[in-house]
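Trainee: Sharing the feature lines straight out of Swiss-Prot:
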- C66, C71, C77, S306: [4Fe-4S] cluster 1 binding site (BINDING)
- 78-295: domain 'Radical SAM core' (DOMAIN)
- C92, C96, C99: [4Fe-4S] cluster 2 binding site (BINDING)
Amino acid sequence: MSEIKTDDPKRGIKLRGADKTARIPIKVVPLQEKLKKPEWIRAKLPSRKFFEIKDILREQKMHTVCEEASCPNIGECFSKGTATFMIMGDICTRRCPFCDVGHGRPNMLDPDEPRNLAESVKAMNLRYVVITSVDRDDLRDGGAQHFADCIKAIRETSPNTKIEILVPDFRGRLDIALKILAETPPDVMNHNLETHPSLYRKARPGANYQHSLDLLKRYKEMMPHIPTKSGIMVGLGETDEDVREIMRDMRAHNIEMITIGQYLQPSDGHLPVLRYVTPEQFKIFEKEAYELGFSNAAIGAMVRSSYHADEQAAEALRECEF
C-alpha cells in the first residue's frame, strides 16, 4: 500500500469553488456577462438505471469522478451501467480552477477500497472500467501502489473486465510510480494534458506540460503493448492552432488515443468559459487527429476523458491482440 505521512487535524476538510481557488497564482476573474450556452450543449436525462448504479456506489462507499466533478454526462453513463471510479478519496491536493473536485488535506487511504471497488465492478457487471483519482501529493508514491492494488483486486474478481486508469502526474514521484504501474499494468494508460502550456499557470498551477507528455512517453517505452491516451478541454482561452500544436505534441510522444471536449464552468468560482467551439470545428479537429495518426479520436462538445471509453478503446485493444 502507498505510504502516508503522519495524521493531521486538518485532514478531511474539503474546499470547493471560490474557497478552493482563493490561493492560486492567477486569480479567477469572472466575465461581466457570461457567454450564453449554445443549443448543442445538452445532457441526456437519467433513467431508472441511473439510480440503481448510485445505490450500488453508496453501498460500496465508492466515489465517482462523474459525481465529484459534476460531469454533464452522468445521467447517460450511469444509465448505460458505466462509471468512472475515483479512488483515494474525494479531496485533492491541487487547486485546479477548472475542476469541481474539492481541495484540502486528504484523509488516510482506505485499505478496503480495492476490495470494495472490485465488488462494485462485479455487482455492476462492467466489461470496461475506468479508474481515476484525486492528486495525492501527500503520498510517497503519489498513490501508484493503490492504483495497482485496485487493478489486482478487479483482475481477481472480474478477469474479463478491461481496465483503463486515468492517473495524476505523480509530480516528484514519477520513477517509482511508473515502475509500480509497469509491474501491474492496466489495459489502457490515460493521463490528461488538459490544455495548452501557455495556460498552465492559470488552469493547472503546480503541473508541467512537458512532464505530463514525458509520463506517457516513458510508460509507452516501458510497456509498448499498452495503448496510451490523453485529453484536453477547449474554451479556456486557447486558439484552434493551440489545439493542433497539442495534438502534434501528443503524437510526438507516442500517444495513440485522444479526447477533446468543451469546458463547462462548474460554478462562478471557477474559470469562465471564453468560447464555445462549434460542432463543425470539432469535426475538423477529429479529421486532423486521424490525419496525424491517432488510432482513435473522441472529439465533440460533450466528450470527456472517460466518455464512452469502452467504445473508444475497443479498436486499440483489438490492435494490441495481434
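Positions of Cβ are set from backbone N, Cα and C atoms, glycine also.
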Trainee: Could you round the CA separation between S306 ([4Fe-4S] cluster 1 binding site) and C99 ([4Fe-4S] cluster 2 binding site) to a whole angstrom and send it over?
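Mentor: That comes out at 15 Å between the alpha carbons.
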Trainee: CB neighbours of C92 ([4Fe-4S] cluster 2 binding site) within 10 A?
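Mentor: If we count other Cβ atoms within 10 Å of C92 ([4Fe-4S] cluster 2 binding site), we arrive at 25.
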Trainee: Please report the three-state DSSP label of C92 ([4Fe-4S] cluster 2 binding site).
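Mentor: Note: C92 ([4Fe-4S] cluster 2 binding site) is in a strand by DSSP.
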